[in-house]
Structure formats: C-alpha cells, structure tokens
Amino acid sequence: MEEVEVAEVKNARVSLTGEKTKPMKLAEVTSINVNRTKTEMEEFNRVLGGGVVPGSLVLIGGDPGIGKSTLLLQVSTQLSQVGTVLYVSGEESAQQIKLRAERLGDIDSEFYLYAETNMQSVRAEVERIQPDFLIIDSIQTIMSPEISGVQGSVSQVREVTAELMQLAKTNNIAIFIVGHVTKEGTLAGPRMLEHMVDTVLYFEGERHHTFRILRAVKNRFGSTNEIGIFEMQSGGLVEVLNPSQVFLEERLDGATGSSIVVTMEGTRPILAEVQALVTPTMFGNAKRTTTGLDFNRASLIMAVLEKRAGLLLQNQDAYLKSAGGVKLDEPAIDLAVAVAIASSYKDKPTNPQECFVGELGLTGEIRRVNRIEQRINEAAKLGFTKIYVPKNSLTGITLPKEIQVIGVTTIQEVLKKVFA
C-alpha cells in the first residue's frame, strides 16, 4: 500500500467573507443601515435603488460601442470625489482612458488607472490601494492563472466573478464589472453569472439614436425594471430628466396612425408615441413589421380588431413602431397600439391631447392595469386633457381635476368615442 499526498485545493472558499461561519437565528442577526453613495447622475442613482451600496457587485451589460465604458468612466470621475476609485481595464491602455476621461470631466487625485488582465495582480493592487470603488472593464478580459482555460471562457469568467464577489464582501468595496453581450442580446459567458452578482444592469439604445436606456433587470438593493435615460453627446452622457417630453416633442398634430400611451418603467411613468401605418397589400400575404414593439402582441391586437371591431385587416400591410427608439413591452400598451392601427386604417387622426392605457383581451374587453393613478397624474402633469383607461381600474383612486378620465370596457366602445 502506497501513501499519496493530496494537494490542497487552492480555490476552495470558506464563505463570501472568507471566514468560517455557523448557523444563526434570524432574530440574532445584527441589522445594519446601508449608507449609499450618490453620484451626480440622478438617473444612475435611481436605477441602483438610491445610490451605490458598499460591498455590492454590479454587472453592466450592453452591445459593443453602446457606451458602457463611457458611463462607468463618467461615474468613476464622480465617485473619485468622495472616495478612492481603481479602474482596471483589460481592453484599453491607461493613455487611451486618460484621453476619454479628460473629455468627460474633472479628474480627481483619488482616481487610479490600472491596465491589467491578471486577477492575481488586480487583487494585489486592491490590497495595496484599498479603494472604495473598483471597476473591471471587462470581465471577459480578466483571467486567473490558477484556472485552466483562456480569457473569456466559462470557467475563467465564473471563477473570476466569484473571486470579485468575495473581494467585495471581504473589503466592503463596491465593484462594477462590464460584461459583453451576445448577438441575441444576452450576457456572454455562463448564465450563472447573473445569479452570482447583486445587480444586473443592461445599457440599451439604437445605434441611430442618441438616447440610451440603463435598465435594472435584477437588484438586491432596489426595485427591478427601473430605468434611467441618457443622451449621448460630445461631452459624454447627459441625463434626460423629462423623457416623456423628449419622446413626444416631434409628434405631428393631425397625423393619422399615432397615439400616446402612458407606460411604466419600473416605478416611473413615461409617455411615449405609438405609430402605425396600414396600407393595402400589393402581393400575396399581408406583411407585418414591428420596431420597438413585440411582434406577437401586435399580431394578436390586429386579430382582435378584425374579429371584434370589424376592421378588415387581412389584406392590409401593417408597420408598427414606438417613436424615439424606446422599447414598449408591457400589456398596458395594447389599447394605444389598437387605436393607432384603427387611426391609420380609418385615415382619421386622434386628438393630440388624448392618451390611452389598457390591456386588450381576446374578446375585445379592456382589462385593468397596475399603477393607474401614477399614469393618470403623469398625463395630467404633461398637459393632456383626456385619458382612456380600463373602467375596472378606477375603483378607490383619487382623480386629478386637470384631466378628464374616461373608463372604458371594450375596444368597440373606445373606437366609437375616439373616432365619432
């Protein structure tokens, strides 16, 4: 019999904090008040739930060139005024980052740049500098020499993220990591990456529009589906504090195929324009195209309009879009989409001072939606004089005097009142 010495496993972790723990009663756990660090960008603070939480691990994903590095560089310059920032880049040199940082704003003395891809070296510098905030750009470029596999591989991304999580919890450092996305729009790397971090943010936008949307899809320290809206300018990202006004400012009065919806993004009401163009089909089957709207939802709405409202759409091409590049995907947009389609089909414009909220059922009924009071108040604040909402949603709410609220039950009733 031969005795064999077993090598110690280097990657074994005791806990998130690196210390041995034992089970505790929930009542015995000490509560703490988390002091969030606010940036100068209120839109960014809102998406995070009120500011940056110490010891949190935040993942930001988005298409290449959409502005992820610009956003984090801008946030870093602001955070360096209240704490020490270490910006680790595996994609650009320190000189390249300096050029961009000078364009974005003042650079504080507590802003450290580090062009490195070795996780051991990054950990060593974190222990030496002891920053309050750490930015990793990007997670796919950082590798640990203790793990087999090339940069960006599943094993490397998983282990480096786990090490960063332990680093954040042990040293109470807020860490932001940039993640690439695939052509399908999901984060590249293992799916468990999103489960490991505290917060997942997506930075979205159309290449041909200057507006960018920062969306929270997971947040352990705040509500999900919150959004922040920015505009990309020569000096960096600028907050859009009144997005409804921006999305509606180019709307033409008297144009057919247009309607306004009050949609909710997280806890925030936003008014957006839905446009429809319905034209006779020239060849074979009717064509359906959507931009910023769900294709299946649009097809369902057109089927309901044909069956319940008597619109002959089977031989009509339909082109639908949300103006301004914003994506609308909640059920409450159904009524506005239906009205826009009917407006184009009938070639009759809607009243520019009217807006619409409601989910459309297959039998033609208008179903209740959430946060109806917030939606009505937002429409009134922006000067709209009339809003169509589900009648069942009006129970127990206080209606503002500045706007006429019309409760409706069916799509036939809505079209009769709008196009009378």
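Every residue, even glycine, has its Cβ placed from backbone N, Cα and C.
Residues or ranges marked as ATP binding site by Swiss-Prot on the basis of sequence analysis: GLY62, ASP63, PRO64, GLY65, ILE66, GLY67, LYS68, SER69. In the shown protein chains, 17 other C-beta atoms lie within 10 A of the C-beta of ASP63 (ATP binding site).
Look at Swiss-Prot and you will find 218-222 tagged as motif 'RadA KNRFG motif', backed by sequence analysis. The residues of the motif 'RadA KNRFG motif' (218-222), classed with DSSP into helix (H, G, I), strand (E, B) and coil, number 0 helix, 2 strand, 3 coil.
The residues of the region 'Lon-protease-like' (317-420), classed with DSSP into helix (H, G, I), strand (E, B) and coil, number 41 helix, 26 strand, 37 coil. Taken from Swiss-Prot, the feature region 'Lon-protease-like' applies to 317-420.
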Within a 10 Å radius around the Cβ, which one of these binding-site residues has the most neighbouring Cβ atoms: GLY62, PRO64, GLY65, GLY67? GLY62
Highest Cβ count within 10 Å among the binding-site residues LYS68, SER69: which residue is it? LYS68
Outside the motif 'RadA KNRFG motif' (218-222), at least 6 residues beyond either end, the same-chain residues with a Cβ under 8 Å of its Cβ set are 34, 47-50, 53, 56, 194, 197-200
ILE66 (ATP binding site) has its Cβ surrounded, within 10 angstroms, by a count of other Cβ atoms equal to 19
